[in-house]
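Below: the structure, in structure tokens.
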Amino acid sequence: MALSSAKEIIDDIRQGRMVILMDDESRENEGDLIIASEMVTPEAINFMATHGRGLICLTLSKARCKTLNLPLMVQGNNDNFSTPFTISIEAAKYVTTGISASDRAKTVLAAVAPNAKSTDIVMPGHIFPLMAQDGGVLIRAGHTEAGCDVARLAGLEPSSVIVEILNEDGSMARRPQLEIFAEKHGLKLGTIADLIEYRTQQESHIERISEYELNTEYGIFTLVTYRDTIDNQAHFALCKGEIQAKAATLVRVHVKDTLKDILQVGLSQWSLEAAMQRIQTEDGVLVIISQQESPKTLFEKLDMYAKEQPNSPHSGIVQSRNIGLGSQILADLGVKKIRLLSNSNQGYRALSGFGLEVVEYIYD
């Protein structure tokens, strides 16, 4: 089955139709049913519950979550994919038990109404909101962000109802099963990777500011500076040698961390110094992502390191943001194939949407 383009997916969303989105073209991908929230009906909710079989969720922007006064379900999210659940919700009026398809549709419509306010919903309930990251799939390549993006690009409220598609035996449906499902129900099947590519052709959340020759303790690098247009943070790329699209480039994406970079606390295999030394020797690119570190966050990290706990506060959400920003910077520099200096073998979703491919992981 041929995949539908992002434009075709967006056109169907605009017309109130349901679509299926996978991460990318891999046969191992999972898929979600997606429909724009303001187009939802009891029939759509019933279809999702009957045929999708997963957890029916509502993707919302941070701004909408703030309007509805929705708190995150947990503050320190250590889930592998940093799924940002808020407390579940119910419409405050015109519902009974809240679980019926009709009641859930009413809850969705109450939450995304143009004049919606916090008193229009109660907590907990039978609809599970997900808070999307600002910047959408260019920052986090997840179905939460994709749900908001496709609705926004269709000219609708940036919110969708989504549900994972399961097989009849309860296992996750992969691409072969998703193709059969899409053909059976007459639904378009697309990818988040294609949505990323579609958006990068029209917009970016990084702006190249300047370029310098920089003499460091580890040799001379070309320093390229960037500005993040979402939160105005400054990010950097230290480049050594010529970047060639056909050749794999040695890459490290490093997140600025006061305790690790200055106090040398909780160092991983690829510290900032180790990465600079390796790239100075072999040529490549070191991307340095800035992040806001409040005193509270620093104290929490210090306490974590003292207790020898492996995960930092909000590590999953932060990592997703860093992957999106790092990918945009690498694409801007002309990198295509990556030899990644990595501390883990965790795969990265939908990099193909940025025109990137990891061909090798280097651990030491």
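Note: Cβ is positioned from N, Cα and C throughout, glycine not excepted.
As recorded in Swiss-Prot:
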type: BINDING; residues: ARG27, GLU28, ASP32, ARG140, ALA141, GLY142, HIS143, THR144, GLU164; note: D-ribulose 5-phosphate binding site
type: BINDING; residues: GLU28; note: Mg(2+) 1 binding site
type: BINDING; residues: GLU28, HIS143; note: Mg(2+) 2 binding site
type: REGION; residues: 1-201; note: region 'DHBP synthase'
type: REGION; residues: 202-364; note: region 'GTP cyclohydrolase II-like'
type: SITE; residues: HIS126; note: site 'Essential for catalytic activity'
type: SITE; residues: GLU164; note: site 'Essential for catalytic activity'
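DSSP assigns ASP32 (D-ribulose 5-phosphate binding site) to a strand. Confidence annotation: the region 'GTP cyclohydrolase II-like' (202-364) carries a mean pLDDT of 85 in the model. Within 10 Å of the C-beta of HIS126 (site 'Essential for catalytic activity') there are 17 other C-beta atoms, taking all protein chains into account. When the Cα atoms are compared, HIS143 (D-ribulose 5-phosphate binding site) and HIS126 (site 'Essential for catalytic activity') turn out to be 20 Å apart. Under the three-state DSSP scheme, HIS143 (D-ribulose 5-phosphate binding site) falls in the helix class.
Around the Cβ of HIS143 (D-ribulose 5-phosphate binding site), 28 further Cβ atoms fall within 10 Å across all displayed protein chains. Each of the binding-site residues ALA141, GLU164 was ranked by the number of other C-beta atoms within 10 Å, and first place falls to ALA141.
Here the Cβ of ASP32 (D-ribulose 5-phosphate binding site) has 27 other Cβ atoms within 10 Å, regardless of which shown protein chain they belong to. Taking the C-alpha positions, the distance from ASP32 (D-ribulose 5-phosphate binding site) to HIS126 (site 'Essential for catalytic activity') comes to 19 Å. The separation of ALA141 (D-ribulose 5-phosphate binding site) from HIS126 (site 'Essential for catalytic activity'), Cα to Cα, is 26 Å.
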